[in-house]
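Chemist: Before anything else, here's the structure in question.
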Amino acid sequence: MPFDLASRLAARRAEHLYRQRPLLQAPQGPEVVVDGEAVLAFSSNDYLGLANHPEVIRAMQRGAERWGVGGGASHLVIGHSTPHHELEEALADFTGRPRALLFSTGYMANLAAVTALVGQGDTVLEDRLNHASLLDAGLLSGARFSRYLHNDAPSLAKRLEKATGNTLVVTDGVFSMDGDLADLPALCAAAKARDAWVMVDDAHGFGPLGATGGGIVEHFGLGIDDVPVLVGTLGKAFGTAGAFVAGSEELIETLIQFARPYIYTTSQPPAVACATLKSLELLRGESWRRAHLNRLIARFRQGAADIGLTLMDSPTPIQPILVGSSERALRLSALLRERGILVGAIRPPTVPAGSARLRVTLTAAHSEAQVERLLDILAECWNRLAQEAFENA
Ligand SMILES: *Cc1c(COP(=O)(O)O)cnc(C)c1O
């Protein structure tokens, strides 16, 4: 029987891989209502607490009053409006690059950049833990596609030796499910030695990392010669929506001419660009948000180590607790939830088999007391999980 969706869904359930969407019944923030219950959430990517910031909201309201709601057309037709243009100029200034190009989502920015730069006869090399949008982009490009070992410059160098045509090395800046940083100094050196270009998707680095929130390139002091193609997304630390690619004049013009995911889609609502202009100002200027967040990260890591939890090598707001099986990850997530704490269980295929985890994310909107509460309840639930395993053995 064709299209036997029922058995596909049943199999998914049996493997503890069935996905459900929690219903958020409040604005984004630490204390929210989910599926009718008040919870303390450690799950969003709103790292600087800007998604519900009053000034950002005002900027969007004013933007809608001035510019209307819909983008109305694609950028190349008549959808490229003044707020989009101003935001591109502000993002170019922020990243210290000649130009930036605005997209409606990070997924599309990645598809656009990779497919416009490489095609048949070329090579694209990606970290095996890259975000799905980067892997999809590599496949869609038609270039020779190969994945190197996670964050491993020697593994990349070996693949670079066999590369043909234009070669693009693509990596997350901060790995979205692990929270670790790409070893950019080593990866960029390996790429440079073979005249390959490096593209970094710093969706999780812009905002939390770097003295002014300039992300992983600011953190490592790398410039446009090291990373010619720099991608950022606006739905995480910026608290709004959309994405950008920053780089040279020629890079941006190439994307405008050739990138199908840029050309064949409606521009984002101009009011969203107005909101992002405000959140960019807060992200750059209010360094206390980064300082507070870093204190919470340090406190969480210390407390989790005291409980005996296995963390990953992450200096970022993404602090996964490694659990192993999908079943155990779901159980731990459920125990926390019974006690009013929301942390998502991340399972294969989002992460490799056997490495299911609870993905704790911290934000500048969390208080120290909220992190202490998370640690207390984690300790209780972790013991409970061990006890249940003992009883079931
Ligand atoms: C979230 C994310 C994206 C996708 O960005 P959207 O704007 O949500 O489409 C791309 N890359 C990475 C690494 C991400 O974490």
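Each Cβ is built from the backbone N, Cα and C atoms, and glycine gets one as well.
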Chemist: Check TrEMBL: it lists Gly106, Tyr107, Ser176, Thr233 as binding pyridoxal 5'-phosphate. Then name which of His80, His84, His150, His204 it lists for that same site.
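Modeler: My reading of TrEMBL gives His204 as the candidate in that site.
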Chemist: Same substrate site as Arg19, His131 according to TrEMBL: which of Thr316, Thr350, Thr361?
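Modeler: The candidate from Thr316, Thr350, Thr361 that TrEMBL ties to substrate along with Arg19, His131 is Thr350.
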Chemist: Which binding-site residues from the set Arg19, Tyr107, His131, Thr233, Thr350 come near ligand 1, judged by a Cβ under 6 Å from any of its atoms?
Modeler: Tyr107, His131, Thr233
Chemist: Can you check how the pLDDT averages out over the domain 'Aminotransferase class I/classII large' (39-377)?
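Modeler: Over the domain 'Aminotransferase class I/classII large' (39-377), the predicted model scores a mean pLDDT of 97.
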Chemist: Which whole-number value in Å describes the distance between the Cα atoms of Thr233 (pyridoxal 5'-phosphate binding site) and Thr350 (substrate binding site)?
Modeler: 19
Chemist: Give me the non-local Cβ neighbours of Tyr107 (pyridoxal 5'-phosphate binding site): same chain, 6+ apart in sequence, Cβ-Cβ under 8 Å, ordered along the sequence.
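Modeler: Correct list: Ser133, Asp136.
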